[in-house]
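Asker: Take a look at what TrEMBL says about it:
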- 49-272: domain 'Anoctamin dimerisation' (DOMAIN)
- 275-858: domain 'Anoctamin transmembrane' (DOMAIN)
- 286-313: transmembrane segment (TRANSMEM)
- 364-384: transmembrane segment (TRANSMEM)
- 447-474: transmembrane segment (TRANSMEM)
- 494-515: transmembrane segment (TRANSMEM)
- 542-560: transmembrane segment (TRANSMEM)
- 658-681: transmembrane segment (TRANSMEM)
- 709-733: transmembrane segment (TRANSMEM)
- 813-834: transmembrane segment (TRANSMEM)
Amino acid sequence: MAPHTVLPSSLVLENLEQTIVSGFGTLESQQDFRTPEFEEFNGKPDSLFFNDGQRRIDFVLVYEDESKKETNKKGYNEKQRRKRRAYESNLICDGLQLEATRSVLDDKLVFVKVHAPWEVLCTYAEIMHIKLPLKPNDLKTRSSAFGNFNWFTKVLQVDESIIKPEQEFFTAPFEKSRMNDFYIQDRDTFFNPATRSRIVYFILSRIKYQITDNVKKFGINKLVSSGIYKAAFPLHDCNFSTPSKDLSCPNERYLLYREWAHPRSIYKKQPLDLIRKYYGEKIGIYFAWLGYYTQMLLLAAVVGVACFLYGYFNQNNCTWSKEVCDPDIGGKIIMCPQCDRLCPFWKLNATCESSKKLCIFDSFGTLVFAVFMGVWVTLFLEFWKRRQAELEYEWDTVELQQEEQPRPEYEARCTHVVINEITQEEERVPFTTWGKCIRITLCASAVFFWILLIIASVIGIIVYRLSVFIVFSAKLPKNLNGTDPIQKYLTPQMATSITASLISFIIIMILNTIYEKVAIMITNFELPRTQTDYENSLTMKMFLFQFVNYYSSCFYIAFFKGKFVGYPGDPVYWLGKYRNEECDPGGCLLELTTQLTIIMGGKAIWNNIQEVLLPWVMNLIGRYRTVSGAEKNTPRWEQDYHLQPMGKLGLFYEYLEMIIQFGFVTLFVASFPLAPLLALVNNILEIRVDAWKLTTQYRRMVPEKAQDIGAWQPIMQGIAILAVVTNAMIIAFTSEMIPRLVYYWSFSVPPYGDHLNYTMEGYINNTLSYFNIVDFKNKNKDNPYTGLGDHTSCRYRDFRHPPGHPQEYKHNIYYWHVIAAKLAFIIVTEHIIYSVKFFISYAIPDVSKSTKSKIKREKYLTQKLLHENHLKDMTKNMGVIAERMVEVVDNNLRPKVD
């Protein structure tokens, strides 16, 4: 069907100009719209209807009566009251019906209940292109993928005797002129509560309440943000813990809590159809995506745990770790100081424990797991596209015809008149092309400034590392033997890494909290036209910031720390003052693992505190403020008012949290194979925590339509592509796998090595270069030489020629072999994984063949049904016309009798 071309602004708002007098609507007929008959609601706390028990409450507006406020701002209060009265008067002019009731707990609060009659619902359903039922659909839309294993999966399924499957329908965009074609058995249930609330919110967002200097001010969001109304929300249908006493109530909230949000249902699949019906497709698609992501994490977690166990059980066979711990090898290797002053010489076996831990993560299993995750992420994204296509068919959003209207904030600023290039007609815009360029430049500059601020914080952490490492080096190691218990388990590198990671996490969370507000301010100043544009713009700003905020420290440890340190006689300095950090003799991989563990674990704990504890405490405080024992007799709208508001951005922060986690799981998984397991455990809890939060702690959100997860899909695809590069570089430059392989295959045997067979023996000695102590610069003369005995040289981690060589302290041939091997590994690995990824993407279509057939079949049957109905009407009309024409002809041909 062709989409409707009449916009609400011209259809509905045009006739409201006459109600605006001196900037405010002042229809006297609405002075006494409030009803005093509140007593009848005392016995029905779960009532969802007006006082007459017939008209359903589709939305609730809450305000504080100015006449009962204890304030001297009479002029301000009168201005607020007049704006509200104008708004409510215009709502009634637009066809909505209102009923007001005072609070039973706080006499200052007034609840305005909104009801949309049948005619209003039909009018706006046509404007919004809402698809409604034509005829019951007898096609099979769902089939089990487990076949004979249904007896096993039945335990995981939602009990259909409790949550009954929804009846399927053929649907089409609603048109009042073809109302007889639609499946209307009962006008009261034709529009379900979610659709009714969505239509009413659409109207509330576009009704004017003031005109100042030819600028229209309208929309419930503006009124709530300015304090004229305290809240605006649709109602929950019942209490979450007990079903409603009203037999006509479907008790969907109670069912969702019992079968979805309750901890005892943690092992069950989600009732996605009921979630979609109650909260709308936008929330339904989020939980569908989160559930599918969690299912796919199960496979990644199993492989990750297997690789971890492989490294754990083989750590005792790690030759190079044995050499570090061997008193005759590592105990006799004197290492050079890692700072200019106070840092002593130390023995290599002081890092024995950290080298054992490193063997767990820096093993052959790491390479296998990194390659596996490169394939896994592609499979996840491709199979999710197929699942998403199935949901589009099942939830009837395949052809979502919805002309998205401009945001009220955008329309209110439209003062400039321009000529539309397509229609060649005049239209109003908020600013000129030059003004738009200025806004974009200012917004981009602000985002760039905050990214630089994050980079500055990272540099601050690096400076902290460099400074505090000197202190730990001077305090922790008391001898060169490495036998002190503290020194054995807490090396200067480990102490610096742990404290720096904790401080980095705190700074990340502080900057995150501040930037959330700044990003919203920047996006509001940018003034996107539609809500989708607004969310996409905010998504990109927030993700760009979060990407730098969360991942910058990990990128530093993985790819920069220990890479540009020079050598003991000529170290590299930061800002000419701070000597660059060095990695442990085994590399920086263990430190990267520590950083990931702290950030992922701390982030999960912090988010759960924010999502669970904070709203629970706020609601608990709200309940204590109410009259004791009055909650049982409090009407539904007042109970919902005391719940927490979800916020303007809805599930934006939930998506952002999961996408950041997705980045940790994929970008740095080569250093931490247990990351998918942590993510799996977190997500299993996250689904139920989010469900509990929505059903028990928050007001009901306005249902919204959505086909997919929006801008988050291309963001995940970008992360998946980047993950191949980062993991290949972690294996090549952060772990010691490539140098060990080069030594094993080339330098352990002649002509470079002394061993007759391929072996890892002698690897540690081969990777440590010599430095003559007398070649230290003046800065190093203060280092204590106690315990060195007859040693005149120390060792450091690099591949350089020894003192006395014609090219002393220059890189040797082994260094260039390793660099060549690392670059070759990155290029070969990337090409192989990218080839596999592209092949998988090509081989797996985004929409399955069966889903395509179902979509085409349903579309054909829908068009056939509409066409047949249209033909019936035409045939009936043509028959009537033909009969009349025959009568006329007969009358004309019949001979006249004088």
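Including glycine, each Cβ sits where the backbone N, Cα and C put it.
Thinking about packing and proximity, how do these listed features fit into the structure?
Answerer: The average pLDDT the prediction assigns to the domain 'Anoctamin dimerisation' (49-272) is 82.
Remote same-chain partners of the transmembrane segment (286-313), defined as residues 6 or more beyond its termini with a Cβ less than 8 Å from a stretch Cβ, comprise 269-270, 272, 275, 359-366, 368-369, 372-373, 376, 379-380, 383-384, 387-388, 391, 651, 654-655, 658, 662, 665, 669, 673-677, 679-680, 683-684, 686-687, 690-691, 709.
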Asker: With Cβ distances under 8 Å as the criterion, find the stretch in 447-474, 494-515, 542-560, 658-681, 813-834 that has the most pairs with the transmembrane segment (364-384).
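Answerer: Counting Cβ pairs under 8 Å, the winner is 658-681.
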Asker: Any contact between the transmembrane segment (447-474) and the transmembrane segment (709-733)? By contact I mean 3+ C-beta pairs closer than 8 Å, pairs at least 6 apart along the chain.
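Answerer: Contact between the transmembrane segment (447-474) and the transmembrane segment (709-733): absent.
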Asker: How about long-range neighbours of the transmembrane segment (494-515): same chain, 6 or more residues beyond its ends, C-beta under 8 Å?
Answerer: 354, 450, 453-454, 457-458, 460-461, 464-465, 468-469, 472, 476, 542, 545-546, 549-550, 553, 591, 594-595, 598-599, 602-603, 606
